[in-house]
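Input: one structure, supplied below.
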Amino acid sequence: MTHLASICLLLLKIHTMKSCAGVSLKTQELYALVFVTRYLDLFSNFVSMYNTIMKIIFLSSTFGIIWYMRGHKLVRQSYDKEQDTFRHYFLVIPCMVLALVIHSKFTLLEVLWTFSIYLEAVAILPQLVLLQRTRNIDNLTGNYIFCLGAYRALYLLNWIYRYFMEKNYHAQWITWMAGMIQTAIYADFFYYYFKSWKKNERLKLPA
Amino acid sequence: EDAAVQKDEL
């Protein structure tokens, strides 16, 4: 739900302000790759209606955001292309190699799924780099990144709950480790987010 | 053989 909220916040910003200033297209494209490689089981592995609908929402909204940033006349002009310089392959290639080495089962679907877990953990990095370079971070962008970080932190709590409360729940070291790293990457951002919130000041990251 | 991870999360 927090993940869904983050997407709503981002779409709200882009749609109402007709601006994607401070939003990293690189992160959005990495997320698109994360969802495509993770949800390859969309039609073969039915978990629940909720699960299927959320998968479709995550996939379509991410491609919608990318379309807005690349294709929409006004939104495209507000994109900080010169600042958003992170290279995709710096993250994609190491994650691919890691997925080929560390996975639970050597099948195409399983390796791609593992790749998506690793890539998700670091997909925020281009956004954090852009954020540090952006002088005026608007509230919606700040809250968007907060929700994006919060959903994995909440997963950590959920994993602990499931581990102790569910009978048939097995240890998932790959997901847990990646989730911990993903949350840790946001630690610095969370710190400044709460600091600015407490002081009622505009969010600003130190250079 | 290693089992695949259960995939009921998003």
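Using N, Cα and C of the backbone, Cβ positions are placed for all residues, glycine too.
In TrEMBL, annotation is done automatically, which means it is predicted and not curated.
Got these off TrEMBL a minute ago, pasting:
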SIGNAL    A:1-22  signal peptide
TRANSMEM  A:46-68  transmembrane segment
TRANSMEM  A:89-106  transmembrane segment
TRANSMEM  A:112-131  transmembrane segment
TRANSMEM  A:143-161  transmembrane segment
TRANSMEM  A:173-194  transmembrane segment
If we skip the immediate neighbours and take only residues 6+ beyond the ends of the transmembrane segment (A:173-194), which ones have a Cβ under 8 Å from one of its Cβ atoms?
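Contacts of the transmembrane segment (A:173-194) (Cβ under 8 Å, skipping residues fewer than 6 from its ends): 102-104, 114, 117-118, 120-122, 124-125, 128, 131, 142, 145-146, 149, 152-153, 155-156, 159, 203-206.
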Under an 8 Å Cβ to Cβ limit, what residues of the same chain, 6 or more beyond the ends of the transmembrane segment (A:46-68), are close to it?
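Distant Cβ neighbours of the transmembrane segment (A:46-68) are 3-4, 7, 10-11, 14-15, 20, 25, 28-29, 31-32, 35-36, 39, 75.
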Below 8 angstroms Cβ to Cβ, which residues of this chain, lying six or more residues outside the transmembrane segment (A:89-106), approach it?
30, 33, 112, 114-115, 118-119, 122-123, 125, 174
